[in-house]
Amino acid sequence: MGKNEARRSALAPDHGTVVCDPLRRLNRMHATPEESIRIVAAQKKKAQDEYGAASITILEGLEAVRKRPGMYIGSTGERGLHHLIWEVVDNAVDEAMAGYATTVNVVLLEDGGVEVADDGRGIPVATHASGIPTVDVVMTQLHAGGKFDSDAYAISGGLHGVGVSVVNALSTRLEVEIKRDGYEWSQVYEKSEPLGLKQGAPTKKTGSTVRFWADPAVFETTEYDFETVARRLQEMAFLNKGLTINLTDERVTQDEVVDEVVSDVAEAPKSASERAAESTAPHKVKSRTFHYPGGLVDFVKHINRTKNAIHSSIVDFSGKGTGHEVEIAMQWNAGYSESVHTFANTINTHEGGTHEEGFRSALTSVVNKYAKDRKLLKDKDPNLTGDDIREGLAAVISVKVSEPQFEGQTKTKLGNTEVKSFVQKVCNEQLTHWFEANPTDSKVVVNKAVSSAQARIAARKARELVRRKSATDIGGLPGKLADCRSTDPRKSELYVVEGDSAGGSAKSGRDSMFQAILPLRGKIINVEKARIDRVLKNTEVQAIITALGTGIHDEFDIGKLRYHKIVLMADADVDGQHISTLLLTLLFRFMRPLIENGHVFLAQPPLYKLKWQRSDPEFAYSDRERDGLLEAGLKAGKKINKEDGIQRYKGLGEMDAKELWETTMDPSVRVLRQVTLDDAAAADELFSILMGEDVDARRSFITRNAKDVRFLDV
């Protein structure tokens, strides 16, 4: 019996020791105000006749979640799958935020499950007012939990309060082990239904352990990505000063582990039955520990570690109000892009919100006043803009709000209006004090902003030049653009193609109704190493900005986007990958909403062409696919051409128009990889490493990831 089977056997219900059997109270449990009502659409031909009481379906309890999972976790793809982990971890971190937990352990189990344990107070097990164990209320009813009681949690995260009950709803099995009230307790949920709470051995410890196995019938994939989990947990550790978070991946075999090896996994939570079933011999797994005594200061150091800071000290301050807290850490670097990351109750607010608005307003006001008072700006000079001041700024803003109001189902923007004035007041006071107390560093910061303003003025002139130049072209579009006939952006695609040769083949092979082609003839500038005025003088950048129509930075307007699919098509070699990375850096730094809204894709041209005797050729997009096609063809009795049976494409230019259409551009067969942005801080770091000035950091990154095949695909 394997260790997971042994654990499940140990947790199987023994009705002789059941403290409370909630199955008897299901009717009472389901009759809650949180019942979701959904209209079941009848068939069109019967809709008018049969639409009545029978057409209204009440989705009771967690059935509503399984019926519409996207409403609760955003999607059923990789992002939604990982959100299950975030929900359980958020509950554990809530205990740390409340001052009751110091350690959170997360384990990716070898059988595909996930285990999250904390040393907090433990989920309550006493009988709830509804007549069932409180743990069952938490696990089986939406909008139930301690986060709704300000006495239990002053501040908490979680996805609109639905939390762990949604995890239970979307799992085939969920197990809970609790240490509380002097005993160990356990409960198992099979397809969301509780099997019976069991009381175990006496203990003086406290804490909760939750294990779950995502339902493959709900999710497109049930395979978790270690790096995605690691980034999120590291972020949580930064935001909770002093908290220790351990991540262990039991799916990794000893042979796969390179430099993240431990021989003793005692920190990972194990039940007594697991330990008894396991061998006592040490084994190797992949693990990481995140612990940051400096909190946000360490976060800013992490962001700036591949960049050159222009002042040594990190600005760090905090403030408290009624129902509000804010902590901010910040430092300027010599780069040209801002890296401001905002959080509310440890939730990453990718779209910002009122906390960021308050910070920006105060920062702009304080810097301008200081610059004028110290004569670093003349009275007749125009004020520095927010963009000028935030050039090269790395900052983390973390607020804690007792009654947060988030815009959007997945909490990406904070909406509390009172938070803006609160943050603005704290920042005005603290930033004024820092600038007054650090005149040398302050002068460096102001001078950088002044230099940025000068570049902004030059960039405006460059923009006007681009606009005037565009106006001389037909329709105001770049001359090299082969536009499509469709005028509907939702149906239109823009292929940005490397090289004239491939551009010519793409123009000939495309469907001109909806596919536009923009060939890049010269090398695009590396925007990571250039200020905006230099960037806008680059001919290829001008062509891309004009073709897309959205503008850049503060002038960006996604409503003016001319193509809803932007496909980057480059050679499948190192040079092609470099071109793609340059283009992605441009879009990330100057037109980030294009990525955030899912408009950017990478084309996947084939690597190989298999030429069969008396049969149509086949195309392979990887070495594995090439070997598979070759093996299958030979088994089927096909014969490969002797001289040029397997052709490896060195570039797009080697394919004629027909081949390019059939392999890379035909919507019915092509493979496109959508570029997504789940973690802005991680993306910012990656672009800085790959395209920045730090050669050692880039070499280290390449060395670490050389064996990871994912990075061969850009």
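Cβ coordinates come from backbone N, Cα and C, glycine included.
The feature Mg(2+) 1 binding site is assigned by Swiss-Prot to E498, D571. According to DSSP, D571 (Mg(2+) 1 binding site) is assigned to coil rather than to any helix or strand.
Residues or ranges marked as Mg(2+) 2 binding site in Swiss-Prot (evidence: sequence analysis): D571, D573.
Positions annotated as domain 'Toprim' by Swiss-Prot: 492-606.
For K523 (among others), the entry in Swiss-Prot reads site 'Interaction with DNA', with the evidence type sequence analysis. Around the Cβ of K523 (site 'Interaction with DNA'), the number of neighbouring Cβ atoms within 10 Å comes to 12.
Around the Cβ of N526 (site 'Interaction with DNA'), a 10 Å sphere holds 17 further Cβ atoms from the protein chains shown. Look at Swiss-Prot and you will find N526 (among others) tagged as site 'Interaction with DNA'.
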(request) Sort out for me which one of E498, D571, D573 has the most neighbouring CB atoms within 10 A, since those are the binding-site residues we care about. (result) E498
(request) Could you tell me the mean pLDDT over the domain 'Toprim' (492-606), as a whole number? (result) 88
(message) What does the DSSP secondary structure composition of the domain 'Toprim' (492-606) look like, as residue counts for helix, strand and coil?
(response) 55 helix, 21 strand, 39 coil
(request) With N526 (site 'Interaction with DNA') as the reference Cα, tell me which of the binding-site residues E498, D571, D573 is the closest one. (result) E498
(message) Return only the integer: C-alpha distance in Å from D573 (Mg(2+) 2 binding site) to E498 (Mg(2+) 1 binding site).
(response) 12
(message) I'm trying to understand the geometry here, so how far is the Cα atom of E498 (Mg(2+) 1 binding site) from the Cα atom of K523 (site 'Interaction with DNA'), in Å to the nearest whole number?
(response) 9
(message) Please report the Cα separation of K523 (site 'Interaction with DNA') and D571 (Mg(2+) 1 binding site) in Å, rounded to an integer.
(response) 14
